[in-house]
């Protein structure tokens, strides 16, 4: 559930960015100002608005402690402000005086990154207020940046469509053509999602672009073995360029804003759309989750910032147990089964199941014959509905530990009809057919496909079938 709880309409022009600290919300605009609000009641702080930029303010961000606020502008500068009283502490001039499009503090509070329209990337030391390192992307403007959780690496995105990984010494370590028409935003979750074979942590990264897409990546940051970037999947739903994306603090959700005027919230582990919010009347340019509260801010060219209360889905008892393991489902009591029936809109069967002492183990063993002959459910339609829900329950249990090679790289779902493309990778047939109907590149490598031929992968299909059988025993 996502509930609109407040609309801020103080800016006189397009809202370009919004950012949270633990106690404040900052917004910036084409109107040259930065506004700061208290999270306790969303009233504007006495020192707001912050003024001093000569032209549009494109981005704003808080330091890890929340005591510093940075803003960057078309005027070629990045400003540092004291978030406690609004004092401007410094004006950092970009080399070449190019318009600064994005700024971001490192998790290490002494470092601030600023990226500009000429492709220049600058790391500032915020204690000495001196330029620490500088570099430049190959072609295009720098439009996006995000730091690794430890601050030793960062990623930039450019209008040429490249994602580039750098270390803190400004050495370019990796480059990936990610979005054909340009990257608009990127973000890295601070929560690891898996371990590599060498014990290093993978993190999720999201990027979005002018191609209407949000892509999820697995990224490995390691000082000794270098970095790795692996494409995970594409989140669909937007019908126009996606201008902003961000992870929730716990890494469980991703929010995006688009030229289609919509905000979409996804479950990061599955890519499932949780909410679509369409209250903005013009392009959605920015979105951000609060770090320590269930708040979401979205800003738009309609000059407003919407504040949302985002509630995580509260699973029923059955959902919770099902998501833990198959053994836990087998241990369900009759009351757990009753809770699951109610959650599946099958509450009419609670009495019948209790009368027949159906617990978790019995539930998993139900068949069409036992539903008809033992439980005496006469309606074929009702029997089919119950069986369908039981099968969904089994598949939910399976999906928790499904081997990665059994998942389609496009949908990240268990494959039913795997096919091999000419790039050597296997995909779900329907997903790959939809993919190549719109483009002729590999979903995994982004390189051109020499042929659109899809060959059935019968060996993989048999392996998946055998694996499912073993999970259901």
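One is the number of the first residue shown, and numbering goes on along the chain from there.
Every residue gets a Cβ built from N, Cα and C, even glycine.
Note: TrEMBL annotation is automatic and uncurated.
Pulled from TrEMBL, these are the features on record:
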REPEAT    50-91  repeat 'WD'
REPEAT    100-134  repeat 'WD'
REPEAT    146-167  repeat 'WD'
REPEAT    235-276  repeat 'WD'
REPEAT    277-311  repeat 'WD'
DOMAIN    332-396  domain 'SAM'
DOMAIN    401-473  domain 'U-box'
Review point. If you average the pLDDT over the domain 'U-box' (401-473), what number do you get?
Key: 83
Review point. So which residues does the repeat 'WD' (235-276) touch in its own chain, when a touch means Cβ under 8 Å and the partner is 6 or more beyond its ends?
Key: 1-2, 181, 184-191, 193, 204, 206-216, 282-292, 296, 298-300, 310, 312-313, 411-412
Point to revise | Distant-in-sequence neighbours of the repeat 'WD' (146-167), which means Cβ under 8 A and at least six residues beyond its ends | key: 104-108, 111, 113, 115, 119, 121, 135, 137-140, 173-188, 190, 203, 205, 207, 209, 217, 219, 221, 223, 227, 229
Point to revise | Tally of DSSP helical, extended and coil residues in the repeat 'WD' (146-167) | key: 0 helix, 14 strand, 8 coil
